[in-house]
Every structure is written in C-alpha cells, then in structure tokens.
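A quick write-up on the structure given underneath.
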Amino acid sequence: MTAQVIDGKAFAAGLRARVADLAATFEQAAGRKAGLAVVLVGSDPASQVYVASKAKQTAECGMASFEHRLPEDTVQADLLALVDALNADPAVDGILVQLPLPGHLDEQQVVARIDPDKDVDGLTPLSSGRLALGQPGLVPCTPLGSLMLLKDRLGNLSGLDAVVIGRSILVGKPMAQLLLAENCTVTIAHSRTRDLPEVVRRADIVVAAVGRPEMVRGDWIKPGATVIDVGINRLPPEAGQAKGRLVGDVAFAEALEVAGAVTPVPGGVGPMTIAVLLRNALVAAHRNAGVALAEAAL
Ligand SMILES: Nc1nc2c(c(=O)[nH]1)N[C@@H](CN(C=O)c1ccc(C(=O)N[C@@H](CCC(=O)O)C(=O)O)cc1)CN2
C-alpha cells in the first residue's frame, strides 16, 4: 500500500489562520500589534526568498513586520548593535537573524545576544537550556513544526522508536529533545554513525535532517514508519531547464512504497517553519505584554 503523503502546506495554512485570529484578539487586548523583526545579512538567494516570505506572512497574519537587510560586508559590532536596538524596542516581540550568516561573522555570538524573551527561533543558550530541562520556552521552528505533523498523524508518540539523522543546533538536537519529551526512545544519528541503514530500520519515526539529497533509501525504512523529511536540496538543472528540482534527504518515491506516511519536498516541513515562527512571535508577544494566551489553541 502507498504511504500517506503528509500535507505540510495545508497544515501550515491552518496554523496561520489560528495565529491570525489570535493576533487580532491580542491587538484588542494590548492596544498594539504583535511585532516580528527579521534580520538578513548579505544576498544569499534562498535566504532572500525566505525572509521575503516571512515579512509577507507576518503582515498577512495581522502582525507588524520589521525587516532589516544589511550588506554582505557588515561587521560583527554593527550587527550586534542592531540586535541590541531590537532587544530594546517595545514594538518588537520577536527577533530572528536569518541563518546562515556570511562566514566572517560569529553566528553563535549574534544569536546569544538576542533577548531570550524575544528569541522566536529558540536558539539562544537559555532557550536551548529550557528545552533540555523540560521548562516552558520558545522552541526552534522546524523541529516544532515537524513535531506538530507527527502528533497530527500518530497522536500519542509515547514509547515509539525515533531516529533523528543530523545533529545541528537548528534541527537535529532540538528535534531529539522534543521527541524525548514525548517519551520516544530517541537515537541521534550523524555522519560517523555506523551502519546507518540498520539504525534507521528500527525506527517507527524517522526525521531526516542531513542536507544530502535522497540519502535515505526506501529499503532503510521500517514498513509503516512515519518519515519526516527536513532536507531541502536543489539538484543540478536538467538539460533545457533553468533550475534544478528540489528534493529532500529521503528518496521520496521509494519511501512511499514502504512507509506509513511521509512528508514531501516541497510542501512538507518547509511551510511549517514559517507558520511556527509566526506562532512563536505571537506567543512571545503575549508573554511580553502580560496578556494571557491559551497556547493549546495554537
Ligand atoms: N534563523 C533561521 N534561519 C534559518 C531557518 C530557521 O528556522 N531560522 N530555517 C531555514 C530556512 N527557512 C527559514 O528560515 C525555510 C526553509 C524552507 C521553507 C519552505 O517553505 N520551503 C519550501 C520550498 C521553498 C523553495 O521552493 O525553495 C518547501 O519545503 O515547501 C521556509 C523557510 C534555514 N535558515
């Protein structure tokens, strides 16, 4: 039987609609809009597209969008000064610095400078610590979006075997923490993992976040498993085409033959990333303004 294709685009649209409803209620209660600031340094083409989408979707949800585009040769001190100014701005509830930053900048220092109460990316040391300790806080967008898709498909995840392939700060590590908090038995696999296919074959849940096109093959997947593909890789263009095809880290057609459910690329986890960012910005706005929010509604 063919696997269910998990429609992240539709799920993200539903989440954005809920955010928009609650953003309007927030504006009534707080007497101002919730505000999200996004900082882009340089001209990476993919980052430009993501930042433009973030600004557009923020405004569509009825929140204030503050976009800061800085030149490629921006120095660390100037970027830190902008973060400081956004930290101090009462109209800004959430701050996101688009990653990756140009190589000459110290990413960790920039992220750590963000006020944890405005850390809608969930990447500051305090947010990471809270997640590890099981304390409430803001959680990185892609892992939280992936968890929402998993819970929507599977309900209770308790006791399931989960393998996360990749150990990045942005996805792999927080994803593993979230699955652990749901009482999964979690394995984090990475480039040095021995016999990766065999490790993956044991998993009821596979989260692939390695950045290697179609690396996870169909015969690695346990029959009926739920596969979340976080990879977004552009293949070289075929003859006569300007752009190459987008593929994930999972061989999608092969996975469809074995898995119980699988996210497509595009249209799976990707759209959830921005929808969860808007959700996090709204959560931060409520906390910063002292307005109550039933977070379960999101
Ligand atoms: N500070 C951050 N930087 C980056 C993050 C992040 O969460 N915080 N994530 C990624 C990029 N990203 C958002 O920033 C992002 C990636 C993908 C998508 C998306 O909707 N993808 C579409 C396909 C888009 C295309 O055609 O290229 C999909 O999968 O359907 C949205 C946001 C790295 N940086």
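Cβ atoms here come from the backbone N, Cα and C positions, even for glycine.
All annotation found in TrEMBL is predicted automatically rather than curated by experts.
What TrEMBL says about this one:
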type	residues	note
BINDING	Gly166, Arg167, Ser168, Ile232	NADP(+) binding site
DOMAIN	6-121	domain 'Tetrahydrofolate dehydrogenase/cyclohydrolase catalytic'
DOMAIN	140-288	domain 'Tetrahydrofolate dehydrogenase/cyclohydrolase NAD(P)-binding'
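Feature map: TrEMBL annotations on the structure.
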| residue | record | CB count, 10 Å |
| --- | --- | --- |
| Gly166 | NADP(+) binding site | 23 |
| Arg167 | NADP(+) binding site | 18 |
| Ser168 | NADP(+) binding site | 17 |
| Ile232 | NADP(+) binding site | 18 |
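Across the annotated binding residues for NADP(+) (Gly166, Arg167, Ser168, Ile232), the two most widely spaced Cα atoms sit 16 Å apart. For the domain 'Tetrahydrofolate dehydrogenase/cyclohydrolase catalytic' (6-121), residue counts in helix, strand and coil come to 62 helix, 18 strand, 36 coil, using DSSP. Using DSSP to sort the residues of the domain 'Tetrahydrofolate dehydrogenase/cyclohydrolase NAD(P)-binding' (140-288) gives these counts of helix, strand and coil: 60 helix, 26 strand, 63 coil.
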